[in-house]
């Protein structure tokens, strides 16, 4: 049966005349508890987490420093079911051919694909407009949202105009809400060092100029992290070995079938390199497996030189929230065999072959000689102090001479603030330094970036990319790079007393200003299903340098059980400091 809203009426016949009476309406959903359903999930604890749980944790940051924040999916609140059903009636497929569209609404793979298109605004005036510029005027910054409800309600209230703005985790969180609401088990997945392979060659090319600036010359990119969805259903079109978790991605990255949609791609197909299967397997395969090539590009001559290539950078620490616990679970081995193992390389070759990349000459690819060239020195950035917004950033550039003769190195260093896609936004620092390294010598060059230097330049992602391009006299250039995430200061929630149904309980939120400047325009936003109605917004008085701020408010819980309170604090110097607290009612 197709899902959706049904009218139920009863027909009574007496002495030859019949009269219908409408009894009411009901909504039919998918049922993961029922063994005959396409979305049947045998483990009931997983059904509870992936369909009934309204709170989630999303992982972000960088592979060196994973952080997380809470999210209110809120799939059972207020008007959400109606909004999700109206989303189906606003899709391009429905507008083009309503009867055919509705007849496919018994199929989770069809609905997953349609909804992955509807959650982004591209093509169809869908829910969210993406913005990765670092400038979010005319809307809300993507990092300021803490739940899907507000986004979906705003979409409906505005007469279904796209809500501004989303980035990957916002698209994924909203899709989670919609699919859970319709009864399809769904979770968010974060992939660290995620490849965006625009040209489908399973290779990501990055270009740098002689000063070490990251150039915008390629449509390919490597994101510090990317968030997508997995939904659980059978694949009658592919066969039982491809059933189970399916990748869906509502972030508009590349067109599929002429519109911005992605999936469902069977996770098993990705792991086995079966990239010829529906839908969008090559793109998802590349997100977790692409090889990286780092090039030096000379603008005047147009000459590009390969600095180095890596096949183990992409697709690390693939993460999701644990079932029934607020912990991180690593699912990397569900996407690929162990990095560097023969099996993993065989799968990569199989995928290349299926995509026709093995037999085709690629003029942009590096030569085997370029790939095999060995550098004379190695380098890395070491962190030598706290990674916190408001503190100076201390790093050490460690350079080691790998040869048995002396080497002279000219280092061009840059530091840029970036968004999480590693797109540079503002230059923070530019330096150059020369050094001579004795045979096999290791030297350490300290680098300090002051808070006053980066404070104005930082994006809401709190990310800085440091790059050192080392020109070795008579040898190949060496690129040393690190993406750094700075932590926001901590914020603390205390529930003062026992939380009971329909009884007031006080909550205190405490924040200490870590910098020697006054914080202005301080706002606290609080939400939590069954703890308070809607979103509570509190204006907090300015917080003087190094002072503690305390804000109190009341909750009146409406239901028993484990509930989550989500808090978001913003001011002129810190954007979106988030935390959550489990409240046992």
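Every residue gets a Cβ built from N, Cα and C, even glycine.
Curation plays no part in TrEMBL annotations; they are all automatic predictions.
Feature annotation from TrEMBL assigns domain 'Transglutaminase-like' to 160-252.
Residues annotated as active site in TrEMBL: 168 (among others).
Neighbour list (residue 226 (active site), Cβ cut-off 8 Å, at least 6 residues apart, same chain): 168, 190, 191, 194, 196, 251, 287. The active site annotation in TrEMBL covers 226 (among others).
Here TrEMBL flags 249 (among others) as active site.
As annotated by TrEMBL, Ca(2+) binding site applies to 289, 291, 339, 344. In the structure as shown, the Cβ atom of residue 339 (Ca(2+) binding site) sits within 10 Å of 16 other Cβ atoms.
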Sparsest-packed among the recorded positions, when each Cβ's other Cβ atoms within 10 Å are tallied, from 249, 291, 344: 344
Surrounding CB atoms that lie within 10 Å of the CB of residue 289 (Ca(2+) binding site), all protein chains: 24
Cβ-centroid neighbours of Ca(2+) site 289, 291, 339, 344, 8 Å, sequence order: 288, 311, 312, 314, 315, 336, 340, 345, 348
Reported mean pLDDT - the domain 'Transglutaminase-like' (160-252): 96
Number of other Cβ atoms within 10 Å of the Cβ of residue 168 (active site) across all protein chains: 28
